[in-house]
Amino acid sequence: MSLLMISENVKLAREYALLGNYDSAMVYYQGVLDQMNKYLYSVKDTFLQQKWQQVWQEINMEAKHVKDIMSTLEGFKLDNSPVKTTQHEFPAHDGEVWSLPVPVERRPSPGPRKRQSVQCNDNKSHNNRFGAGKGPNLPSSKNTNNVKMKPVRAREKKDTFLKVKDEKNKSSVDVSETEVKKFDGTGYDKDLIEALERDIISQNPNIRWDDIADLEEAKKLLKEAVVLPMWMPEFFKGIRRPWKGVLMVGPPGTGKTLLAKAVATECKTTFFNISSSTLTSKYRGESEKLVRLLFEMARFYAPTTIFIDEIDSICSRRGTSEEHEASRRVKAELLVQMDGVGGASENEDPSKMVMVLAATNFPWDIDEALRRRLEKRIYIPLPSAKGREELLRINLKELELADDVNIECIAENMDGYSGADITNVCRDASLMAMRRRIEGLTPEEIRNLSRDDMHMPTTMEDFEMALKKVSKSVSASDIEKYEKWIEEFGSC
């Protein structure tokens, strides 16, 4: 399918519509809409998809206008035919024509008119045999014949119009069905499918790569795993196939979930946000079905990224005394779907890939088999001095700062703070001026404060007070555990 063909069909549809050949115009309009729907599925760029959707809506609106014109014209034809019948059937000046009231009574039903039209044909032949001897009756027979035939033609046109309308309605239903790609869950419970479809992030999380400070290595790896295979599918084949699993390891508050949101925003793939509650059920055997259904839906909506937050709660180490039989079956199904016969790695087409993106704060509790399937295991550390400074600038870009605020000095005093801790410090410091302003005021006085009174710049003293109130949440011993694990099992 080429864009030139779509353009030519649009031109033909508009030309036929301008010339008054509305039936042919509708055929071309319907074909153009179908071609554009098929072409939309091949467009990966979101901006281009929005442009094509706008064009589709404009063409669809033109087709609706043509359809309205057709229905209006048919309405005129159907409304005019009975009026002509009454005018010609009972002429006021012709005294020899019987003014029978029967045809007037039969007007609502179309059946008797067909029978009368046959009789009129017989009368016509009879009048032709007699020639001019029956002169006064000849015009009335002709008029009657014409009058009787016109409703038949109108009914035939009405029938064909209704058939065409039904076919167009069916085709419009088909177009609306092809607009939204819907998973066929034959063999699965409808509630299970709806539960997983709710975890598809269709709305934009609005987190960009630039909104995440530092973590350049992690960004580079995620782009290589998700973005580049979409841009260069001919390169990522065979031994260079895309990574099927990425595990992000690090202390809490370092930006693992933010990286996943950036993947959902930037990478233009279907994004499943899965937690342990999504894949658990109180009914026996349904948790394994959910895992299998998840990967089948992921392959259907491919390219897909499945983000499993806190994966240690779903796939912890097997064989322990605390393990339950149900959780063991769920882990086995997850491992099979990721790297089993017919699993997610069977498809060699990079545009149909299914990648599992996982995050955990307890990597030492993850099962060994899952660790092997998550081929890339990267460490998301605490922000460096440069990262802390960059994170401060991102958090404070909407605040009015006093002249004495030194961001470099604040970043140096935050050594050992995680990204979430730095955000909490900035939030607390931004509230200091408001706290000083409303101190000692009554609730009525606080309500009467103007907006200008509340917008006061944040000073260096506010940051110093916030640093005293907000302590770091990650200990040095925890950092040593993460570094030791990543040194032993890391795969950057």
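Placed from the backbone N, Cα and C atoms, the Cβ positions cover glycine too.
Features reported for this protein in Swiss-Prot:
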- G250, P251, P252, G253, T254, G255, K256, T257: ATP binding site (BINDING)
- 138-147: compositional bias 'Polar residues' (COMPBIAS)
- 91-158: region 'Disordered' (REGION)
Shell of the ATP site beyond G250, P251, P252, G253, T254, G255, K256, T257, same chain only (C-beta within 8 angstroms of their C-beta centre): A359, N361, I380, S418, G419, A420
Nonlocal residues around G253 (ATP binding site), in sequence order (Cβ under 8 Å, 6 or more apart): S418, G419, A420, D421, S473, V474
Which of T254, T257, the listed binding-site residues, has fewest other Cβ atoms within 10 Å: T257
Cβ atoms near K256 (ATP binding site) (within 10 Å, other residues, all chains): 26
Residue among binding-site residues G250, P251, P252, G255 with least C-beta crowding, 10 angstrom cut-off: P252
